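Everything on this sheet refers to the single structure shown next.
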Amino acid sequence: MSKPRRHMPSISAVILILSLSLSSTLSVIHNQEPQVNEESDPISRFRNYLRINTAHPAPDYAAAVNYLTAFAATIPSLQIRTLYFTTPDKPLLLITWPGSNPSLPAVLFNSHLDSVPAEPSKWLHYPFAAHLSDDGKIYARGAQDDKCIGVQYLEAIKELKSKLDYTPLRTVHISYVPDEEVGGFDGMAKFVESKEFKELNVGFVLDEGQASVNDEFRVFYADRSPWNLVIKATGVPGHGSRMYDNSAMENLMKSVEVIMKFRENNFDLVKAGWAANSEVISVNPVFLKAGIPSPSGFFMNMQPSEVEAGFDVRLPPTVDPDLMRRRIAGEWAPAWRNLTYEITEKGPLRDYMGRPLVTATNDSNPWWTIFKQAIEAAGGKLAKPEILSSTTDARFMRQMGIPTLGFSPMKNTPILLHDHNEFLKDSVYLNGIKVYEHVIRLLSSFDGATVSETK
Ligand SMILES: [Zn+2]
């Protein structure tokens, strides 16, 4: 049995990366339009975008923005703006295709510029070389999450213009935001609060989704909201040989038992098939800090007076956050057992009107109806709408009361976001462009006769 080939970056890949970073540096210095690579087919353009390393902890946003700007500039009538809401190294690219009736609410297509890091030694091919295998797989960090949709949006507009000479009724915006993978606080969170965003008059948003392993496209109408919970216990210190009440460790362990029981109850619902993973409250212990360090490890004959445990908690939008806070205060970390706690909420759970962050996926939401029609027109089929287990920038738009769906047209594709050997097949990528041609055309030509605007 042959082992999978370990990665050795080829000389050509290294030269390519060097020349890419060199050209982006030059374009920044001269503040001029960078040259788009000669390749004129969508697959080459996608691979070139993937070769720009926007992985944390040092994403090269400038190079990505330059590249997309240069491509967008080749498509007639697109307006291009780069916005800065924090520091000059965190640009936000906004591309606008003006509609013939700009007074109608616009449609926004969003993607993030950054990606999570990759460990090259664990990959079959260097994660920023965008290697194309014989069977059409394009290997790269960001191939699925979410550089595919970023270029597909532009490719679809290019096709609509060149093939159909189509002009939208509603204005179409495309945003490329920084920092989604680190919480979105310097990216989308700032953008939605800006004057510039308000002026866009956005009525509906499509943001990233996830791959589907079967023939149906997945669509997400809500995200779970993450809470970081840290529980601290104090108690009476003492000799390791003594059994007594109210030690810090005992106090914490009682909490852990209660929390793990809660976890089990929720997990049982999933295992029994009564709820999807993303529909329950998940809670997972992620760290324990305890013990008194000794030169060889820990003192075994001492019971510590302070211990701590951390939990990753994820709440679906159906959960009442106040009830959850009361449960934590009363059952998980009661003060009468010498416990204190801290919750760091990593995003909103309710919109500005106090409603759960959920986008309706029925005929009460005309955007949903149009979106579904577009998928059908593209020859596709939608799976049952889902809550996303994790979190995306969509929550910031939903918080503004703007209907937002998560969607990435990748079917018959293994789910490899954040994984080693993330890849997307060239045929799936090209089909995605066709899907967006229908989606962009139908959404932007929707006259809104039955829309009750949710602004
Ligand atoms: Zn993503």
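Using N, Cα and C of the backbone, Cβ positions are placed for all residues, glycine too.
Fair warning: this is a prediction, and the values are worked out from it, not measured in the lab.
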Among His56, His112, His420, His438, indicate the single residue that TrEMBL lists for the Zn(2+) 1 site containing Asp145, Glu208.
His112
Glu208 (Zn(2+) 1 binding site) to Glu181 (Zn(2+) 2 binding site) - Cα separation in whole Å:
12
Under DSSP, is Asp114 (active site) part of a helix or a strand, or is it coil?
coil
Which recorded positions of Asp114, Glu208, His418 contact ligand 1 in the sense of C-beta under 6 Å?
Glu208
Rounded Cα separation (Å) that holds between Glu180 (active site, proton acceptor) and His112 (Zn(2+) 1 binding site):
6
Spatially, and counting Cα to Cα, which of the recorded positions is closest to His418 (Zn(2+) 2 binding site)? Options: His112, Asp114, Asp145.
Asp145
Would you identify which of the binding-site residues Asp145, Glu181 has the most other C-beta atoms lying within 10 angstroms of its C-beta?
Asp145
Cβ-centroid neighbourhood (8 Å) of the Zn(2+) 1 site, His112, Asp145, Glu208 excluded:
Ser111, Ser115, Gly142, Asp146, Lys147, Ile149, Glu180, Glu181, Asp207, Thr392, Ser408, Leu417
